[in-house]
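Annotated features in Swiss-Prot:
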type	residues	note
BINDING	ALA33, ALA34, ALA35, GLY36, SER37, GLY38, LYS39, THR40	ATP binding site
DOMAIN	12-487	domain 'UvrD-like helicase ATP-binding'
DOMAIN	514-808	domain 'UvrD-like helicase C-terminal'
Amino acid sequence: MNATIRPKPAGSRWTDEQWKAIAAGGRDILVAAAAGSGKTAVLVERIIQKVTAEEGAVDIDRLLVVTFTNAAAAEMKARIGEALERELAKRPHSLHLRRQLSLLPRAAISTLHSFCLDVIRKYYYLLDLDPSFRIADETEIELLKEDVLEELLEEEYGKPDNERFFAVVDAYTGDRSDAELQEMIVALYEFSRSHPEPDEWLAGLTSMYDVDERTDIKTLPAARYIAQHAAMELAAARRLIRRALELAEEPGGPRPYAERLREDRDMITDLETRLSGPWAELHRALKALSFGRLPACRGKDYDERLIDEAKSLRDQAKKKVEALRDNVFSLDPSVWLRHMREMKPIVETIANLVRRFAVMFQAAKREKGIVDFSDLEHYCLHILRRRDPETGEWQPSPAALEYQAQFDEVLVDEYQDTNLVQEAILQLVKKGSERTGNLFMVGDVKQSIYRFRLAEPMLFLDKYKRFTADGEEGGMKIDLASNFRSRREVLDGTNFLFAQLMGETVGEMVYDEAAQLKYGADYPEGEDAAPEVMIINRQRAAEEDEEEAAEWEAAELEARLMAKKIKEIVSAPFYVYDRSSGQPRRAMYRDIVILVRSMTNAPQMIEQLQAQGIPAAADLSSGYFQATEISIMLSLLKVIDNPHQDIPLAAVLRSPLFRFDENELAMIRLADPKGTFYEALCSFRQKPAETKEEANAQRKAAAFLERLEGWRTMARRRSLADLIWQLYRDTQFYDFVGALPGGRQRQANLRALYDRARQYESTSFRGLFRFLRFIERLQERGDDLGAARPLGEQEDVVRIMTIHSSKGLEFPIVFLAGLARPFHTRDLHHPYLLDKELGFAARFVHPRLRISYPTLPLLAIQTKKRLELLAEEMRILYVALTRAKEKLYLLASVNDAAKEIEKWKSAASERGWLLPDDVRASARSYLDWIGRALIRHRDGGALAGTKAPEEVASHPSVWRVAIVPAADLRGAEAAREEMDGGVLLALEQGRPVPVEGGWQKEVKRRLLWRYSYEKETAVRAKQSVSELKEQRALFGEQADEWRPRQGTAPVFSRPRFMQEKTLTPAEKGTALHVVMRHLDLQAPLDESWIRSQIVRLVEKELLSAEQAEAVDPAAIAAFFTADLGRRLCAAREVHREVPFSLGLKAAELYGGEGTESGRRVLVQGVIDCVFADECGYVMIDYKTDEVVHRFAGQKEEAARFLLGRYGTQMRLYRRAIEQIWRAPVAECYLYSFDGGFVVAVE
């Protein structure tokens, strides 16, 4: 069957290749869509063309469209809906189009998981599955795994004669727990689920270990990867020797070295030849390997630089060959085979444990009526296929044939991120073979960055290699290489790098002409859009810093450099092209994104940017569990679950919930020094109080224990969500945190905890203990309950995000930071490794000697995984570079720039475009790749120094490369610190610091200088009456009374834990004012009734117990028996705690001298009481100053003192009332509760 392509309409906006992707049919089609090539638009247009065609149109529900995310599915439905509306506007009478709009909501446009769920709900009767099943929460699944693992291992430990199991435990667990074995079982189980037949895959793990002494080691699957690695290393060694030989033969070169170098070259060539022969011969040849000594080169005829360089190249070659001898080929083949035979029972035991776990776990999920996302795929696969009884091969089931008949075409977006199980499902619902099929796949394997989620990019690559442009041999492939996103400079720069970096062995594909990005946009000329590379030179030895500290400093330095550049971009300004208006506009903060490999150092970056006045934000999902309010509530829940936990209990008591101070906690601990803190608390409540402080603490302890008992009872009887909300109500904690800074976010955090409790109880688990364990699992996994605030597109901030998060997005200006950060290779050194092809491999542990060493399969998987990791990192770098529309900045921070450049220079003279495999494979960071590529460019600038091939050096890309000294970024503050370090150290050590005599007079003059307008410094725009009173005292009025005593030595207060807790006079005064404000003036105001009202105020938490004890009910009762008190009770109008604000001239308040006569000050205050009776308005201010003892009962003296101290305040009060209320104040009084007398204020 020939491929069919409808002719492109005249005037179409689509390129020829895009139209081919839209219109081609009749077979399976793979569209390799480069970044920015409009693949989503092409996919949508293909669907629109199919459903709106005037002839042969299909219904939208006869298409299966599979997307990578739910958001992508929703966007695609929206785009299709808009296109249908536009088409309907042109053809308003089309019943077919109206039908498509009605079918669209139910169309099969979804993620593959959603499609699987629909299949399962339709055919659930073919499975042993309750139709009311639900999809389990991820953490619920983790908890269930734990339970099943515990049950499995308990059974294994209980079996008699289970020697194999105990051998596994001894080999792969620590002395104290079997956590490592549990992790191994779960890792193998989850990895197996990415295979269409997980049980068969597990059962076949031992096949690689089916060897005997006659096995040819070269025939083993593992040997292929070992040989590939050896060939790469030997080729690299031969190339290094060749370059050393070229140096030896140069004028001034170490010519005596030439003969020895030729011998080395021949020896390495011989080893390369032996790679294709028996393994034993190669092992013997490497064992007998010997690099001879180089002859001496002395005299003026020889260039020392060339001598050193030649030696260095030979040493590098020796290291590579000797590493092969000492590692991969260190053992005789018979020894490798013996280890594999000894490993077989170990691997078989582990595989059987995983298979048993899989059965038990599946049964546990079925019992609870739950499935996970992996189950969706495998249940769907089970429904869609059946095994042919004769051939044993899988065939489409009747259900699959129904779907094949239902769907005219199956369209898959982001095909490069498909896994093996998903591929099997797609192959079952599509029709025909590749040559006659209806599978349409769109993706870009260069953007496949989800291998850690077990995506398999080789599925895409395999089809890309097999399919042809005309589709005659099978499937058809279409390359969409035109990029409509980026400026030419960005594309040229990206192409320049990847033409040198991405290859078949290292990179998994060749970055050839078809893969290169073609300029398709229409940007106007103008801005300098050349990519910029900035390398910060820290100029220090690597060992000076610990890795974490060095990384932290690198992030700070890079953030400072980015801040400097961002300021230039925004203020210079840099212009970006606005497609909506078709005009350039000034760049804004929202046009800029900072991309990083991980968010570890994002907080430091944000801090540095904001310190420079640059608004910055990042989607930081961490920190929820560290929030104070959440920490307190989780501690309270832990105490309710089990009060015998000292740390949570102490945290709760010390928190704002119960406000125990350190003295009270010490009293509690002393009540029972050896028991738990809870036991001490119970003992403390029961012991006789010896002091007032102890009695008060005991009341608090009793109240807490009573509440705790009630909450524990509630936890047993009611739901967890009800308990949490009741805690919020009982403690008023929800309202309390709302009044703190960031109160809305704090309350949102508490609501998130409540919501999570409700979600938890909708799962198969119940109870407070399990919930707390659930939370612990979340914390261990790094999950977070608090959703980060999503940023709106129009928020004018610089965004910081990971490269993975940026996939599918585009930004005018991109900063790619942290390029020198090493690749994460820790997983390659795990005691066991997994691979889809090679299976399971682990270190061999000698049962008697307890020594472990790598096995051949482990070395093979390590080699394979390292190349896969490098390919993934290369694709991640590609994604990052292709996010930029107009400007790209690449940043890195290194310890020694000169040393790094020297390391890269060897790449400059390499022939051809693609750098050798070993050069690319030896990279430890993105910077290693970029540096080795840029050093070959004419714009290498700071990096250049060696002649590169002309075809590479003259590439049309333009670069700006700069080495930035870190000192330029550390700032003036750091420079001062460095300069003054000796002086600061001398001061810290108490040594004399030398002074320069020339400055002494100036220092003295400055110290003795007095400000001419000192009084003006006390003038504020807003001032309280009490502050005004104190300032008047300070500047003269009542000066003798208030001036501090001179010449006394400072007296330091005792530490708080040694102080006796008493209220200050001000605190006592506040307590009395609270009582006077809340008393019911119509009640019988005698002493006993006032005392009962004080108790009520304590219960309402308007007063503390200490404050209540400081209030004298008899003094208050005396006031109400006096004439002024009786008038207050009988008044027709009473106002208590009257606030006011009054604008006055500064000169009037402070005196004319030293103040601006026209300046005004806002005076604020609160008047204790104003009432109105037949005499008019009467004003009272209550005073609690201790005057009786001070003036020995002389009330006249006391009255004069109070008038002098508060007269100004009262006159301001009177003036405020009269101006604001526009009514005269007839009488004005001070009432002193100490002595019970009234002072009239004129």
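Heads up, the Cβ atoms here are built off N, Cα and C, so glycines get one too.
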Apart from the site residues ALA33, ALA34, ALA35, GLY36, SER37, GLY38, LYS39, THR40, the 8 Å Cβ neighbourhood of the ATP centroid comprises VAL42, ASP444, LEU480, ASN483, PHE484, ARG485
Among all chains shown, work out which of the binding-site residues SER37, THR40 has the most CB atoms within 10 A of its CB.
-> SER37
Where ALA33 (ATP binding site) sits in the secondary structure, as DSSP reduces it to three classes = strand
Using Cβ-Cβ distances, find the residues under 8 Å from ALA35 (ATP binding site) that belong to the same chain and are at least 6 apart in sequence, listing them in sequence order.
-> ASP444, LYS446, GLN447, ASN483, ARG485, LEU517, TYR878, VAL879, THR882
Taking the Cβ of ALA33 (ATP binding site) as centre, how many other Cβ atoms lie within 10 Å?
-> 28
Local backbone state of THR40 (ATP binding site), from DSSP in three classes = helix
Segment confidence, the domain 'UvrD-like helicase C-terminal' (514-808), expressed as mean pLDDT | 85
Within the same chain, the residues at least 6 apart in sequence whose Cβ is under 8 angstroms from that of GLY38 (ATP binding site) are GLN18, LEU480, PHE484
Once near-sequence residues are set aside, which residues in the chain of GLY36 (ATP binding site), 6 or more away, have Cβ atoms under 8 Å from its Cβ?
-> ASN483, PHE484, ARG485, SER486, LEU517, GLY520, GLU810, THR882
Over all shown protein chains, what is the count of other CB atoms within 10 A of the CB belonging to ALA34 (ATP binding site)?
-> 25
